[in-house]
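Per TrEMBL, the features are:
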DOMAIN    29-87  domain 'COS'
DOMAIN    95-190  domain 'Fibronectin type-III'
DOMAIN    247-426  domain 'B30.2/SPRY'
C-alpha cells in the first residue's frame, strides 16, 4: 500500500505539471503579437515534445504486481485451540418476569390495534427489550410484529371484523421471559343494541375500554363507546342510500345486495403524517387541496385488506381543467407524482371531458365523461372479488378498472392547487 501511495503521489505531481504546461500553451496561442509568438514558439514546441516523449515512461507502469506470496503459519493457532478448556459459567442474572398488559391503554381503532404493557411493579430484573406477537385473526399461529425497547405498539393493516390474540414477552442477556396473559382484541363488533343513539356521521373520539368479567387466562376487551369507527347500521336511510350506490355501480348484476341484513361502516379521514408536504388539510382532515401546481398524493388513514368497501369524494373546487386522480395505493406510494405513475397505486384520473385508468404509468380504458365542481367520485374496492370500480355521480365510469388486487390498500387521491376534494360517506 505504501508503494502504491508513493506512485499515486508521483503521478499526481506529473499530472499537475503537464496540466500547467497545457494551460501555458493555450495562453501562448492567444498571443496577438506575431513576433512575440515566434520568439517563444520554438522553445515551447521542444518542451511539449519532450514532455510527450517522457509521458508514460515508467510513470504509469504499476510498481507492484497483483500477485502476493503469502505464507500463513497456523501452528500457534492450532496449539491454542488444543489448549482450550471450557467451563460452565453461572448465570449472572435471572430472566425477566412476564410483562403485564395494561388493559386501560389497549384499544382498537378501525383496523389498527394499540397495545401497552409494563414490567411487574416489584420486578428488579433488567430488561433489554420486548417481543410482541399477534395471531392471524383466525386463531392461527402467533407471529412477531414488534421487537424493541418500547412498551407500547400500534399495529396497522389488520383485518376488519376480526378477533386477534396478542401476547408479549421480555428478554435480556440471560434469556426470554414467559409470555404475558393473552389479550383478545376485536376490530369489529355488533352494536345493534346501541344503534338508535348513534349520531351520523359517527364521531371518532375514543373512550376508555371496559373490562369484561369474569377474567381468565384470556382477557376480553370490548369498547364501551358508541363512536367506534366500525359498526353496523340496520334499517337506516344511510344503509339504503349506500345499497343504491352499490347497485348503480353493478348494474350488470356482478354484485347482488339481496339478502344483505346489514352494512358495516369503516370511517376514515386523510392522513397528514404520510402525505406530501404540499398537501393542505382542513375540515378535520376530511378536505384536502394543494399549494403546488404539480400533482401531490395524500392517503386515507385506514387501510383495507379484505371485505367490500365503498367511499365517495366530492369535488369542492375545480379550476383550469386539472387531472385529479382517485383510487387506492400502498403506504409507500410515490407522493410527488400523479397517482398511478408507479406500481404502488391503482387509480382513475379524470378531467372535465374524459377519464383513464392508470397503474404503473400504463393508461387504459379512455372513457367519455368528466367532472366539474360539485361532482362526486365513487370508489368501490371489492377485496372478495379482488376488483376496483369507479363511478362519477353514481354512474359507473368505464368497465371494472382493475382485477386480481391483493394486500393492504389505502384510499388515495392526487391533486394540485386547482382542485379541492372532500371525503364523503363510506
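Glycine is treated like the rest: Cβ placed from N, Cα and C.
Annotations in TrEMBL come from automatic prediction, not curation.
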Model confidence over the domain 'B30.2/SPRY' (247-426), averaged pLDDT: 86
DSSP-derived helix, strand and coil totals, residue by residue, for the domain 'COS' (29-87): 30 helix, 0 strand, 29 coil
Helix, strand and coil residues within the domain 'Fibronectin type-III' (95-190) as assigned by DSSP: 3 helix, 45 strand, 48 coil
